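These notes are about the structure you will find just below.
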Amino acid sequence: MAMLPPPGPQSFVHFTKQSLALIEQRISEEKAKGHKDEKKDDEEEGPKPSSDLEAGKQLPFIYGDIPPGMVSEPLEDLDPYYADKKTFIVLNKGKAIFRFNATPALYMLSPFSPLRRISIKILVHSLFSMLIMCTILTNCIFMTMSNPPDWTKNVEYTFTGIYTFESLIKILARGFCVGEFTFLRDPWNWLDFVVIVFAYLTEFVNLGNVSALRTFRVLRALKTISVIPGLKTIVGALIQSVKKLSDVMILTVFCLSVFALIGLQLFMGNLKHKCFRKDLEQNETLESIMSTAESEEELKRYFYYLEGSKDALLCGFSTDSGQCPEGYECVTAGRNPDYGYTSFDTFGWAFLALFRLMTQDYWENLYQQTLRAAGKTYMIFFVVVIFLGSFYLINLILAVVAMAYEEQNQANIEEAKQKELEFQQMLDRLKKEQEEAEAIAAAAAEYTSLGRSRIMGLSESSSETSRLSSKSAKERRNRRKKKKQKLSSGEEKGDDEKLSKSGSEESIRKKSFHLGVEGHHRAREKRLSTPNQSPLSIRGSLFSARRSSRTSLFSFKGRGRDLGSETEFADDEHSIFGDNESRRGSLFVPHRPRERRSSNISQASRSPPVLPVNGKMHSAVDCNGVVSLVDGPSALMLPNGQLLPEVIIDKATSDDSGTTNQMRKKRLSSSYFLSEDMLNDPHLRQRAMSRASILTNTVEELEESRQKCPPWWYRFAHTFLIWNCSPYWIKFKKFIYFIVMDPFVDLAITICIVLNTLFMAMEHHPMTDEFKNVLAVGNLVFTGIFAAEMVLKLIAMDPYEYFQVGWNIFDSLIVTLSLVELFLADVEGLSVLRSFRLLRVFKLAKSWPTLNMLIKIIGNSVGALGNLTLVLAIIVFIFAVVGMQLFGKSYKECVCKINENCKLPRWHMNDFFHSFLIVFRVLCGEWIETMWDCMEVAGQTMCLIVYMMVMVIGNLVVLNLFLALLLSSFSSDNLTAIEEDTDANNLQIAVARIKRGINYVKQTLREFILKSFSKKPKGSKDTKRTADPNNKRENYISNRTLAEISKDHNFLKEKDKISGFSSSLDKSFMDENDYQSFIHNPSLTVTVPIAPGESDLENMNTEELSSDSDSDYSKERRNRSSSSECSTVDNPLPGEEEAEAEPINADEPEACFTDGCVRRFPCCQVNIDSGKGKVWWTIRKTCYRIVEHSWFESFIVLMILLSSGALAFEDIYIEKKKTIKIILEYADKIFTYIFILEMLLKWVAYGYKTYFTNAWCWLDFLIVDVSLVTLVANTLGYSDLGPIKSLRTLRALRPLRALSRFEGMRVVVNALIGAIPSIMNVLLVCLIFWLIFSIMGVNLFAGKFYECVNTTDGSRFSVSQVANRSECFALMNVSGNVRWKNLKVNFDNVGLGYLSLLQVATFKGWMDIMYAAVDSVNVNAQPIYEYNLYMYIYFVIFIIFGSFFTLNLFIGVIIDNFNQQKKKLGGQDIFMTEEQKKYYNAMKKLGSKKPQKPIPRPGNKFQGCIFDLVTNQAFDITIMVLICLNMVTMMVEKEGQTDYMSFVLYWINVVFIILFTGECVLKLISLRHYYFTVGWNIFDFVVVILSIVGMFLAEMIEKYFVSPTLFRVIRLARIGRILRLIKGAKGIRTLLFALMMSLPALFNIGLLLFLVMFIYAIFGMSNFAYVKKEAGINDMFNFETFGNSMICLFQITTSAGWDGLLAPILNSAPPDCDPKKVHPGSSVEGDCGNPSVGIFYFVSYIIISFLVVVNMYIAVILENFSVATEESTEPLSEDDFEMFYEVWEKFDPDATQFIEFCKLSDFAAALDPPLLIAKPNKVQLIAMDLPMVSGDRIHCLDILFAFTKRVLGESGEMDSLRSQMEERFMSANPSKVSYEPITTTLKRKQEDVSATIIQRAYRRYRLRQNVKNISSIYIKDGDRDDDLPNKEDIVFDNVNENSSPEKTDATASTISPPSYDSVTKPDQEKYETDKTEKEDKEKDESRK
């Protein structure tokens, strides 16, 4: 930074020939120097270009304005980095920086040539880029034309001309490609170049397929990216995330290939099995028909087709596959389904099928086809693929994209910090120039009394050096004048203005939390708490949550944009408390660098007297938007002269805009202020003006530049929008204000909103006229109410104030629209205006925090997503145009291939709109069906390429980036810190008032009753009197909410009396977080102890709020209820503390009844010391022991499992299986008795109190009740009653009892229960959000989905045949096959609308709804094809907002909840520093390993050679390559290959079998019996044996078992082994590691999901077993048996195909179904469904499984992925330790865990980095000071520990963790102690170590002596003798010091590198002493 020229106007210098000469001179100097300094450069990084002065950025504002003559002129480069590079810059009017190369462009135009200068001027002009932008947009519009008229050709030439002109200008200005900053050096220009070249090519050269080349023109749309500034960065981020995705992509492709191979082997040719007619004519055979048939069409008559399906019915040859109907048999013939594109016949198609499975697009169809053709057992294949492939891989992509985004974000934050620093440095430079002035100011201040006054300490800039302001002094004077006038006029207006600007006293009180009523008192209190702090540091103690935020002049520039978004929807009057340092309107934007405490005004150290001590400026914004900087509150002087601030927590915000007099008076009343006469003191005035004013002016200028409107607008507003005409009016206004602002009015309005919403939701089709009228009147009434509210508010607040509040603007808009709609009600086609009424629903957000938060999150994300949305729009546009250009013609020409009527289908690419819809559909994840059409009409390759690109770029990358952004705006702060507005508080105040009123009425009633019915007891008077004062206080507290107390000053004034409460209040008010948490839950009254884990007031000190005894009692109660007695395995729920003290006698039961019961009914008290009581107590103790026994629990679990299993047998075939039915009936009774017995035992053992306070016990109790009731009913013979039957279905809940018994599931359930409140919240918000769309749908489509159909083939009559309902009914009378039919899922009322929307949001069944909507004409009119085409837009908007945002909110909420619960459970991680974590993790890995005994090398020479070969790494890799080759040959296989090919593949396979057998044999020879000690070897052996057997018995095995080729596929798993050897595969290893880490959690979630599926399957069987077979329900997929139900439910788990299963259940009456239909073998009649049950069943299942469980799965993966990436970035990974031990095995073949010292050097050199210590390494190793044992041996852990320490570096953290580590090792590796050969005593060890040290010392000493002797220098003997003992003493001292057990080694870390002994000894010795003690004990015992 030091190199930067001083910023300001004079830093701009024209670029002249001298400048160029100077640069050349510098370059030559550098070159001369360069030869000398070449070496230096390698080590040090050179200077970097300044990030603020990059080309394309705005000029930093510190440089001020550009002097007039310098705009668009070449200037010398400002960036010192380019001082020796040939560059210059040009600045345009907008201060954008353009950097050019100073070498001649095109070798002839120097920077000074007029042509180049003109080109530069044109290039940098803003109009130039505008022109290009407009051209591109116009061009895009022309590109969307599907059949352009002829004249467009000329337009095309114009475009090309403009682009050519643009490129020419750029080339002339910049040069072509030689040197930096030339035309082709910018990749975006390549795009232009390519576009222009292609434009000329297509024009002048005839290249055949022009349309393909024309599509290149689409790339012009990409140019928008290069023109709009923000887009480049987003595209950068996208490209970054695509790079990051490479690993995931490789892994995905690999996994899909493996699965595709398995699919190929399992299902090859299966999808061609079709049902073929048996009754053929005589000369026809299957072969002859197949050979003669020209096309599929001819074969159609031989195959069996289901109604409405395009493909023939599939069937299979196995028993559990699909069967053919009568008269048909199963054959393999014809083509595959879906135009032949769905199959597993070749590797390619199988891969496509699996990619489709992974993206879950229409996969239910593939699933059903495959299961029908191959058999139901293959469901397992799909389960694995969906869970591993789909959920895991897709979410990994999400995780990676999210991480890339997160990193990008972090980088941006870092950059911002960096800039802040740079600006600070610039400021410091400015300040240095002012120091003299400062000194004068300080001197002048000394004679002014401090207590009375202080001047603004703002001295950022002085008049001499203010480069920040380049405006004239005259302007400044004018502004000052205006300001004075304004202030004085403000004072004249006086009282009039009071009300107008800020409302009543009360509202002001609400707005400014002013706790400093007794300033001195508070100050003294604070002083006591912080006696040693300097005056300036006090602020830190007061505002502990917020470190002092530096007010940087520049901060508004960087963060200005974000400010709006945060409070966009918050009520502006009451923006967030934390930002009370003024918001929006003010210049000083609080920026909080977390760790930095610096005083606000940087000259603090120099002039303390002039400072506002609390380091805070009060900047109020007056009505003009001008910031008046008012000083902070005055300092209070304490007797010792220390300054203390008074605490003002106030807020200046944009809407109570202004330094209104009242506000100022309010402040003056409580704090000393700059008095008027002081300002008149000439000296002071001058000083204040000269210093502060200049800056203030600059500040004002900046402020003005940020004002939303020009100054004249403010003048106008003041004149016309503030109504203060007469005193009567003002009184009236006050009265109105009092009414309108009352909380009750708010409550009333909220109730009106809810009612209005209800009225709107009551619309339906068909409605009676009376009902219509009621709704119409209701609408009028509500419109009236809302209009009245608006008018009254306008009167009360004045338009100026009214329109400053976001909500008011919103209200006024809606009211206006409602009124407009009333007048235009009869105008046809304006019914859409009605939907604007729906927006009223959003007014609820005011008082509903979560809705507010959701809107805010959407608002913020849309803001943040602005650029991304643009990019997405550009991508969609480009692909839509590409599709149209490439495939449009083909759709038209080949339409007959895909549509029998040769009409264009709904999804085509013939025009832009339809093309856009297809691309949008692909983005929604639905690509496969439209792609089949495309491939059929336009050829496979192009379609595949385009679709895959849209899928990967659009869906996987961009949409995941969307999601990542959503998740990031979902940080827990958003969820917990929802800023609430006063209105929210108003509601709560109103509710609190009502509660108080009710309490008051209750109280008076109670007192009245007591008075009238009871005589006063003696002494009551006295007690009452003494209790009274407290009582009053307590009532006050308990009946009011904290929020109110905080607002009630009178209460606070009594603070001395209730110090306990108010001190806690003070605390909470001092801390921002606490304040926030207050607001969240204002309904909590103070005296209630808050249960942990549920409170929002986490940060508040609950102990202070509740009395101690109270909290102790509650703790005790909690502990008792939390641990469940219903199962012995149960632990307390997460978040609850463990009991502090165990009950005294753990094996005794607790009391039966609660204390309350015993008090009321004394008979419940039993004396247990005598008589019957004692017997009873013994019985209870016995029961208690039985129940607590572990076997009892196991038995109950077994019973639960058996009884649940029994339910699975009760399917529709139970009537036919009499024996099973009888067994089940008895079993049912037995289970019921057992469970009743269990319940009774528990009642006796635990007592009712314990039993019924446990949730799990309640569950058991209810389920037992159900069984009991059904049992009794059966006995009495009422089993066929309806209610009893439905009760029986509740038995399906039995498996729920298993929940509390299985640890893993309970963990998940607890996590879920924790998340339920927030999930419900989001669900509610979603419902509100959807309600709007639903009501809108009802308005648009109610009653329009009816159509007249021909019932024989289900086709719709055309409009020419039937135009409307009446015609249809007329036709019905003629023919019986006609029906006027409604779509089952429609918008006839809001409920059905919700169902439709759910189908659209899950993309299942949405096509039918959309088609019906698009075809709809009018109520009772016959639909017309695509009549209402633009209704598609309704669905597009809903999908974006309803589906995209709201459904992903679920993921957000769940992930967020996981994190919060982790915090609550608080593992050790939270308390560890980063450094500690590193060590901890390394040690964790270290501790888990120990050296293995390697397989010994055989003695035999021959075997030895083979052993060397087999154990070589190269051998492993060779085998891996062979495995991969084997896979490739398997991929080549395909269905129906030629005999020759089969023959070749057979022999290739034989070769591979021989090779693998060879490997097996070689290993067996060399490894002998050790071969079977390795798991992989056993696996290989099995595969080889199976392959050999398979070769000979292939036919037989395939018949009875699975095809043996499958095992070869499993071999692929061995590839996992080479990943470790490939250094580049680190990313993939991380991903697999993440999977391994998440497996346990995923298993638990899987279990829970299975349980849910099980219960739903039982329910489904009992409710839907007999529904009509249509849509998704058929002979294979139904609810008839348990297995079938599970198959159906598995597919709905991903929400696939639930619409098909629901459709038949919605049939409720004829003619849809037949209620009298007889089912043979069963007593059930009819095949109608129960719509309400069906809808509830499927919707609840989807919410539970799809939204909750599956999202938990996602949460776990995201979590583990981030953990795994952290692990992979750590310096030492698992692999490094593995590698250490692998090398170790070679040096320690017997696994003694020791190594000789002499081998150590070789060993260290043999390791891989990072542990490697290359030779020469002796010195380093000796320096490590490794402890040795006898025989000069060193233990492996000692070495590993030392090496690890070397990698991680020395640090203090090591010491803090040292003892833990040692214990860990000892427990993980007990062998360490047992292998220690020195087992005698501690002393022995010390001597041993000492001996080695002495030897070393002695050798050294001898060596020195020899040297001395040789050099023949004479030394006296005595000297030498004296020398030795000293040395010895020192050595011994050293040793003792190191190893004495008493001495702690706390100091070790402070002395530079601690010796290893000092790190590890004490613990080791501990273990040794333990060991010796143990041995002594053993000896003693043996003696005995």
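Using N, Cα and C of the backbone, Cβ positions are placed for all residues, glycine too.
Small disclaimer: the values here were computed from a predicted structure and weren't measured.
Look at Swiss-Prot and you will find 26-39 (among others) tagged as compositional bias 'Basic and acidic residues'.
According to Swiss-Prot, the feature compositional bias 'Low complexity' maps to 458-471.
Per Swiss-Prot, the feature compositional bias 'Basic and acidic residues' maps to 489-509 (among others).
Annotation source Swiss-Prot lists compositional bias 'Basic and acidic residues' at 574-584 (among others).
Annotation comment: Swiss-Prot describes 1019-1035 (among others) as compositional bias 'Basic and acidic residues'.
The compositional bias 'Polar residues' feature in Swiss-Prot is assigned to 1946-1958.
According to Swiss-Prot, the feature compositional bias 'Basic and acidic residues' maps to 1960-1984 (among others).
The annotation disulfide bond is assigned in Swiss-Prot to C275-C324 (among others) on the grounds of similarity to another entry. Residue density at C275 (disulfide bond): 22 other Cβ atoms are found within 10 A of its Cβ, drawing on all protein chains shown.
Swiss-Prot lists C896-C902 (among others) with the feature disulfide bond, giving similarity to another entry as the kind of evidence. A sphere of 10 angstroms centred on the C-beta of C896 (disulfide bond) encloses 11 other C-beta atoms.
For C934-C943 (among others), the entry in Swiss-Prot reads disulfide bond. Annotation note: C934 (disulfide bond) sits in a helical segment as assigned by DSSP. Around the Cβ of C934 (disulfide bond), the number of neighbouring Cβ atoms within 10 Å comes to 27.
According to Swiss-Prot, the feature disulfide bond maps to C1348-C1368 (among others), an assignment based on similarity to another entry. Taking a C-beta cut-off of under 8 angstroms and a sequence separation of 6 or more, C1348 (disulfide bond) has the following same-chain neighbours: R1356, F1357, V1362, R1365, E1367, C1368, L1371, V1378, R1379, W1380, K1381, Q1422.
According to Swiss-Prot, the disulfide bond annotation covers C1713-C1728 (among others). Taking a C-beta cut-off of under 8 angstroms and a sequence separation of 6 or more, C1728 (disulfide bond) has the following same-chain neighbours: V1667, K1668, N1707, S1708, A1709, D1712, C1713, D1714, P1715.
Summarising the annotation, Swiss-Prot assigns domain 'IQ' to 1887-1916.
The repeat 'IV' feature in Swiss-Prot is assigned to 1495-1793; the stated evidence is a curator's inference.
In the three-state DSSP assignment, the secondary structure recorded for E821 (site 'Is directly targeted by the spider protoxin-II') is helix. The number of other CB atoms found within 10 A of the CB of E821 (site 'Is directly targeted by the spider protoxin-II'), across every protein chain shown, is 20. Look at Swiss-Prot and you will find E821 (among others) tagged as site 'Is directly targeted by the spider protoxin-II'.
In the three-state DSSP scheme, D826 (site 'Is directly targeted by the spider protoxin-II') falls into the coil class. Sequence-distant neighbours of D826 (site 'Is directly targeted by the spider protoxin-II') (same chain, 6+ apart, CB under 8 A from its CB) do not exist here. The site 'Is directly targeted by the spider protoxin-II' annotation in Swiss-Prot covers D826 (among others), and the record cites similarity to another entry as its basis.
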Quiz prompt | Folded-back contacts onto the transmembrane segment (831-847), same chain, C-beta under 8 angstroms, at least six residues removed | solution = 569, 571, 746, 749-750, 753-754, 756-757, 760, 779, 786, 807, 810-811, 814, 817-818, 820-821, 824, 855, 981, 983-984, 987, 1328, 1331-1332, 1335-1336, 1339-1340
Quiz item: What else in the chain is close to the transmembrane segment (771-795), if you only count residues 6 or more beyond its ends and a Cβ gap under 8 Å?
Solution: 723, 732-733, 736, 739-740, 745, 749, 752, 755-756, 759, 762-763, 802, 808, 811-812, 814-815, 818-819, 822, 837, 840
Practice problem: Tell me the Cβ contacts of C902 (disulfide bond) under 8 Å, same chain only and six or more apart in sequence, or just say none. | Solution: V895, C896
Exercise. Output, ordered by sequence, the same-chain residues six or more apart from C324 (disulfide bond) with a CB under 8 Å from its CB, or 'none'.
Key: C275, Y304, L313, C315, C330
Quiz item: When only pairs 6 or more apart in sequence are counted, do the transmembrane segment (1430-1455) and the transmembrane segment (940-966) reach 3 or more Cβ pairs under 8 Å?
Solution: yes
Quiz item: To which of the disulfide-bonded residues C943, C1368, C1713 does the lowest count of other Cβ atoms within 10 Å belong?
Solution: C1713
Quiz prompt | Assigned conformation of C943 (disulfide bond) - DSSP reduced to three states | solution = helix
Self-check item: Other parts of the chain folded back onto the transmembrane segment (1639-1661), taken as Cβ under 8 Å at six or more residues beyond its ends
Solution: 387, 1204, 1207-1208, 1210-1212, 1289, 1291-1293, 1295-1296, 1298-1299, 1302, 1304-1305, 1307-1309, 1312, 1679-1682, 1685-1686, 1688-1690, 1693, 1737, 1741, 1744-1745, 1749, 1752-1753, 1756-1757, 1760
Exercise. Between the Cα atoms of C943 (disulfide bond) and E821 (site 'Is directly targeted by the spider protoxin-II'), find the distance and write it as a whole number of Å.
Key: 48
Quiz item: Mind checking which residues reach the transmembrane segment (151-172)? Cβ under 8 Å, same chain, six or more beyond either end.
Solution: 105-106, 109, 115-116, 119, 122-123, 128, 131-132, 135, 138-139, 142, 145, 183, 189, 192-193, 195-196, 199-200, 203, 220
Self-check item: Arithmetic mean of per-residue pLDDT over the repeat 'IV' (1495-1793)
Solution: 85
Practice problem: Provide the three-state secondary structure of C324 (disulfide bond) computed with DSSP. | Solution: coil
Quiz item: How long is the line from the C-alpha of E821 (site 'Is directly targeted by the spider protoxin-II') to the C-alpha of C934 (disulfide bond), rounded to the nearest angstrom?
Solution: 45
Quiz item: Helix, strand or coil at C275 (disulfide bond), per DSSP?
Solution: strand
